Amino acid sequence: MTIEQLIRFFQRKRPSRVTDIIINLGAGLLFVVARVLLLGTVLNIFYFFYDNYRIVDLPKTCISTWFLSLLLIEFVYYWVHRSLHEINLFWASHQFHHNAVDIDVSTTLRDTLIDLVIYEFFPTPLALIIPPPILLVHMQFSLIYQVWLHTEVVTHLGPLEYIINTPRQHRVHHGKNRYCIDKNYGALIMIWDRVFGTYQAEEEKITFGTTTEPYKTYDTTTLHFYYYYDTVWHKFKAMDNWSDKMKALFYGPGWAPGKPRTGLLTDIPEVDPYTPAERYDPYIPFWQLFYCMSHGFLVALGFYVVTDHPLIRFSHLNSLIIFFYVMLALTSFGTIFDRRSVAPLVEVSRCLLYFLFDTYVISSWMDSSLAPHLRGLTESVLTVVRVIHFMSIVLWLMVWLSRTNRRCKETYDKLSLMKEDKYIDNYTIDKNRTDSWRVGRRMAFMGGAVSSFVILFMVFALRFDECTQFLNPIKVEL
């Protein structure tokens with residue numbers, strides 16, 4: 001990703017937005033956690049069908065078996081991917097991947113959990129023919145291969161474009177120009193696109209994104225699910241009969257009564273590829289960007305270190321805890337990027353919950369099988385991380401108090417102006433009441449701060465002996 005941004009700089013392309021990268025990487029973490037939870041179930045299903053109902057016994061060491069598996073996996077992927085575009089109910093989840101207006105390597109990770117479930121279970125019929133280990137290898141390789149397809153820095157690759165999928169061809173798939181709509185569904189090879197008539201070479205400059213304006217937010221939960229209510233549900237309710245209601249769900253997103261199954265291409269608005277794309281880009285102070293980058297790095301690093309441990313990998317409960325914590329982190333970062341008033345309190349809550357996460361997940365991981373020569377270093381790093389989260393709590397409580405005082409002052413000034421207006425006869429202002437409200441806010445802040453200290457003391461004193469040792473070289477037995 002860093003290399004790609006350097007190449008973009010030397011090619012004089014606009015760098016990717018930090019906010020998009022954080023959202024994309026966070027979606028990737030959710031994708032990985034969910035896949036860990038699903039992988040065992042998927043393998044069991046594959047083996048069930050293969051052991052009990054397989055049609056043929058293909059040799060696992062024969063190259064023809066692997067080649068056949070490649071063709072069949074790509075065939076299934078082609079139709080699954082095409083269904084995500086041509087069935088409105090599926091497009092509701094897949095639109096999150098396509099509403100990115102910038103394409104870079106991190107866009108590969110911009111997938112929803114529903115997409116994951118569809119991708120994982122649809123190849124199940126192939127288990128009647130292909131041995132599950134070979135099937136799983138090709139599925140995994142297909143996902144890894146697609147990482148380099150999402151970039152603007154790679155141009156024409158010559159004759160290779162007749163055989164394999166390339167970034168130039170996949171950029172067409174992400175375009176909202178009319179000639180790009182519903183094209184180039186392949187993952188590794190482009191054979192099936194050419195066979196079924198959906199292949200399209202890159203022509204004019206491409207504008208990325210969806211043909212409808214995406215929801216203006218960085219909140220991951222909203223971006224994942226808003227389309228179901230805002231579009232699918234409203235379209236379903238607007239239909240007059242059950243036939244049209246079912247078509248609203250299972251026909252294309254562009255369908256309407258009297259139109260073809262996937263809609264009319266002329267309904268797609270024309271785009272000027274040389275006009276700067278409209279993008280949701282609220283002003284975000286640099287310190288908040290740096291803060292979210294730092295905490296996003298901590299979340300990603302902890303995710304990488306902790307999830308590889310068997311205690312986490314084979315525990316559905318711990319995996320779910322990690323999943324919901326990452327979701328909370330993304331939601332919190334989204335409220336910060338959206339400049340929402342609840343952002344300070346949401347982030348304070350996330351930082352407080354980190355200590356519970358630390359207690360019941362990270363510490364159990366450390367206590368189980370961490371190598372002795374790494375324990376001291378790991379405890380020191382964790383102490384730094386805990387201090388960072390504690391300071392973050394203090395920071396966001398101060399931000400919340402500052403914003404509250406500013407809003408109270410603005411409200412008081414507004415009321416004062418209203419009082420002076422000659423057209424207002426019966427309006428009075430109780431300044432003491434306003435002052436008492438401000439005092440109440442401050443008391444609430446102090447109560448929150450004291451509660452934070454109490455929670456932190458309980459967590460440190462009752463669980464983390466190394467913190468006691470850090471403050472006092474004499475070990476205290478509790």
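Glycine residues also receive a Cβ, built from the backbone N, Cα and C atoms like all the rest.
Residues or ranges marked as transmembrane segment in TrEMBL: 21-50 (among others). Tertiary proximity for the transmembrane segment (21-50) is limited to same-chain residues at least six positions away from its ends with a CB under 8 Å from its CB atoms, namely 1, 96, 100, 104, 106-113, 116-117, 120-121, 124-125, 127-128, 130-132, 135-136, 218, 220, 223, 292-293, 296, 299-300, 303, 307, 313, 316, 319-320, 322-323, 326-327, 329-330, 333-334.
Per TrEMBL, transmembrane segment is recorded for 62-80 (among others).
Feature annotation from TrEMBL assigns domain 'Fatty acid hydroxylase' to 67-198.
Remote same-chain partners of the transmembrane segment (289-307), defined as residues 6 or more beyond its termini with a Cβ less than 8 Å from a stretch Cβ, comprise 18-19, 22, 25-26, 29, 32-33, 36, 313, 319, 322, 326, 329, 333, 336-337, 361-362, 365, 385, 388, 392. Residues annotated as transmembrane segment in TrEMBL: 289-307 (among others).
What TrEMBL lists as domain 'Alkylglycerol monooxygenase C-terminal' is 291-360.
With a threshold of 8 Å between CB atoms, the same-chain residues lying at least 6 positions outside the transmembrane segment (319-337) that come near it are 19, 22-23, 26-27, 29-30, 33-34, 36-37, 217-222, 282, 284, 288, 291-292, 295-296, 299, 303, 306-307, 312-313, 343, 346-347, 349-350, 353-354, 357, 360-361. Summarising the annotation, TrEMBL assigns transmembrane segment to 319-337 (among others).
What TrEMBL lists as transmembrane segment is 383-401 (among others).
Under the heading transmembrane segment, TrEMBL lists 443-464 (among others).
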